[in-house]
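Student: Grabbed the feature section from TrEMBL, which reads as follows:
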- B:Asp28, B:Asp73, B:Asp209: Mg(2+) 3 binding site (BINDING)
- B:Asp28, B:Thr43, B:Asp73: Mg(2+) 4 binding site (BINDING)
- B:Thr44, B:Asp45, B:Asp120: Mg(2+) 1 binding site (BINDING)
- B:Asp45, B:Asp73: Mg(2+) 2 binding site (BINDING)
- B:His52, B:Asp260, B:Tyr316: substrate binding site (BINDING)
- B:26-136: domain 'PurM-like N-terminal' (DOMAIN)
- B:148-295: domain 'PurM-like C-terminal' (DOMAIN)
Number of protein chains: 2
Amino acid sequence: MKEFELIDKFFRVRSHQRRDVQIGIGDDCAVVNVPQGQSLVVTTDTLVSGVHFPENTPARAVAHKAVAVNLSDLAAMGAEPAWLSLSLCISDVDENWLDEFSLGLQELTDYYSVQLIGGDTVKGPLAVTITAQGFVPRDQALTRSRARPGDWLYVTGTLGDAGLGLDMHQGRADVAPKHRNFLGNRLNYPTPRVLVGTILRRIATSCIDISDGLISDLGHILTSSGCGAQLAVDKLPLSEAMRDSVGAEQAIRYALTAGDDYELLFTVSEEQKGNLDLALTSASVSATCIGQINGVQGKLELRHGKDRYEFEGQGYQHFS
Amino acid sequence: MKEFELIDKFFRVRSHQRRDVQIGIGDDCAVVNVPQGQSLVVTTDTLVSGVHFPENTPARAVAHKAVAVNLSDLAAMGAEPAWLSLSLCISDVDENWLDEFSLGLQELTDYYSVQLIGGDTVKGPLAVTITAQGFVPRDQALTRSRARPGDWLYVTGTLGDAGLGLDMHQGRADVAPKHRNFLGNRLNYPTPRVLVGTILRRIATSCIDISDGLISDLGHILTSSGCGAQLAVDKLPLSEAMRDSVGAEQAIRYALTAGDDYELLFTVSEEQKGNLDLALTSASVSATCIGQINGVQGKLELRHGKDRYEFEGQGYQHFS
């Protein structure tokens, strides 16, 4: 099967159709229109088999995750997603695999009203590159660089589940049957926090999505904003599956360091805390306050109640 | 070296800076602004080592070609290029290679005032995915689908050189020393026809770039437009290097079927021929009339002077 037949069969026909797409798949380029008063927000992420997901990951999950990690980046900027471009590198044309992959793609694109506007299929080891685009009202994009001392630190959802899910799948963690499905889904079918991102536009001072683990991604905010932070490890939001499966220290370790959760980490000034609570409640989404930004540049202090929390043999994490 | 250090060292610092980029490399996403009255034009192309370029291709050429093939797609729509996103899959961090690669990137992005606004570096077999974006005034994008019977068929530059260059490099073609540099450059450092593309906006009825070979890409225009064409093989523009290196029949074969030339193939109505000549002359670019569109849907007839030209044992090429 030739490349264009592939694209036609599995991707063009099934894609959600948007009115702002003048020309979609099928010409040299797509032609699309950005609404007036909006900036365009662009991100690119590549997932490589065996590096970013285990080689036996189902095709539907590969597609879901590839789309979700990109939408998660858009969410971290407060953007509303609109269009995707897909580069799919596959070792051979397995129609069953492609069928499952394109269904995984369709599920998320339909849900978020996002249209696949183009792409490329090439022969090689399995890898998926997606460029996702969306809009944000001009000058309302959330960044990593505007956290200020005194701001409160929040995170959506629960932390560490994807990491525990990976360890479960690879036989490194023992999980009760009733939690296996939840953790497997947290690993393979992450939920990009698109709605929360748009809600945070006028409320948060900074925002990032947690892809590399809380400490690492918080580090990006601290470095970009020139601040430090105090983090309350006893406040870290943990799922029931996490609490049932591992001890307290181990749970904190997952929550601090495991990647792939795609929750949003953001800062809010004291004055905006009320607005945040209102907005989250009316949208039925939850976020947990886990600490506070301070002026000690590039230092992260972990606390458990009133005590300093020792982690990796040190109470501080340093970022340059 | 970590991913963000890599991006910082080789890509962020060296990138051309544009005023329409509000946030470039360094946050979760880029934030950019599309000028009012313009549509956004988007394309994605992946080049895989050993598939789209020989494994021993210099890093500077890999970068040049990856950018050029994407800018060529934009040119085929009549778009002015603006931004690139890069996903670079490399097997290991070879600083010399990255240095050469980023210089190759810089040369083209500087020349066309294009900014690298983001990307991803991952570990795996060498592959480069670029998403290129540009603008075209609303409703002026060139497509493949509006060629009409009676329109004249044109092509920029000369044809088949990249194919001959590849055969030269791989020892399948004997080329005189004085032509080796020219053909090597046509293969490794193709020129995207960006200026011609913008000139053609109000003049051409359809346009495509020749990446897969003249017959194949003309087939896309014929299929999309529901037309046929007559092609004069004695009019095909051939370089001096081509004419000196192979016989007449072989040269026609290269010109008809070899890919990677990235010339523009376009159609112009009888009424616009004068405007085309004027515009090409004032921009000092050349294009050659090589045939005419007719109403015989999906059929390509090859002629040599007044005679039918037999090719692959048949005078017709069929497209569905």
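Here the Cβ of each residue, glycine as well, is placed from N, Cα and C on the backbone.
Note: TrEMBL annotation is automatic and uncurated.
Could you give the neighbours, burial and distances for every feature on this list?
Tutor: Around the Cβ of B:Asp28 (Mg(2+) 3 binding site), 27 further Cβ atoms fall within 10 Å across all displayed protein chains. Taken residue by residue with DSSP, B:Asp28 (Mg(2+) 3 binding site) is part of neither helix nor strand, so it is coil.
Here the Cβ of B:Thr43 (Mg(2+) 4 binding site) has 28 other Cβ atoms within 10 Å, regardless of which shown protein chain they belong to.
The Cβ of B:Thr44 (Mg(2+) 1 binding site) has 27 other Cβ atoms within 10 Å, all protein chains considered.
In the three-state DSSP reading, B:Asp73 (Mg(2+) 3 binding site) counts as helix. The Cβ of B:Asp73 (Mg(2+) 3 binding site) lies under 8 Å from the Cβ of B:Thr43, B:Asp45, B:Ala132, B:Asp209, each of these being in the same chain and 6 or more residues away along the sequence.
Annotation for B:Asp260 (substrate binding site): same-chain Cβ neighbours under 8 Å, separated by at least 6 residues, are B:Ala162, B:Gly163, B:Leu166, B:Leu187, B:Pro190, B:Ser211.
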Student: Once the chains shown are all counted, how many other Cβ atoms turn up within 10 Å of the Cβ of B:Asp45 (Mg(2+) 1 binding site)?
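Tutor: Step by step: centre on the Cβ of B:Asp45 (Mg(2+) 1 binding site), count other Cβ atoms within 10 Å, giving 27.
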Student: What Cα-Cα separation, expressed in whole Å, is found between B:Asp120 (Mg(2+) 1 binding site) and B:His52 (substrate binding site)?
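Tutor: Cα of B:Asp120 (Mg(2+) 1 binding site) to Cα of B:His52 (substrate binding site) measures 20 Å after rounding.
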Student: Among the binding-site residues B:Asp45, B:Asp209, B:Asp260, say which ones reach under 8 Å of chain A by Cβ distance, listed as they appear in sequence.
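Tutor: It is B:Asp45, B:Asp209, listed by sequence.
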Student: Where DSSP helix means H, G or I and strand means E or B, what are the helix, strand and coil counts for the domain 'PurM-like C-terminal' (B:148-295)?
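Tutor: Summed by class, the stretch gives 72 helix, 29 strand, 47 coil.
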Student: Can you check which residues sit near B:His52 (substrate binding site), meaning Cβ under 8 Å from its Cβ, same chain, 6 or more apart in sequence, and list them in order?
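Tutor: In sequence order, B:Thr46, B:Lys65 meet the Cβ cut-off.
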Student: Taking the Cβ of B:Asp120 (Mg(2+) 1 binding site) as the centre, count every other Cβ atom within 10 Å, in any protein chain shown.
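Tutor: Around the Cβ of B:Asp120 (Mg(2+) 1 binding site), 20 other Cβ atoms lie within 10 Å.
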Student: Distance between B:Thr44 (Mg(2+) 1 binding site) and B:Asp28 (Mg(2+) 3 binding site) at the Cα atoms, whole Å?
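Tutor: The separation of the Cα atoms works out to 20 Å.
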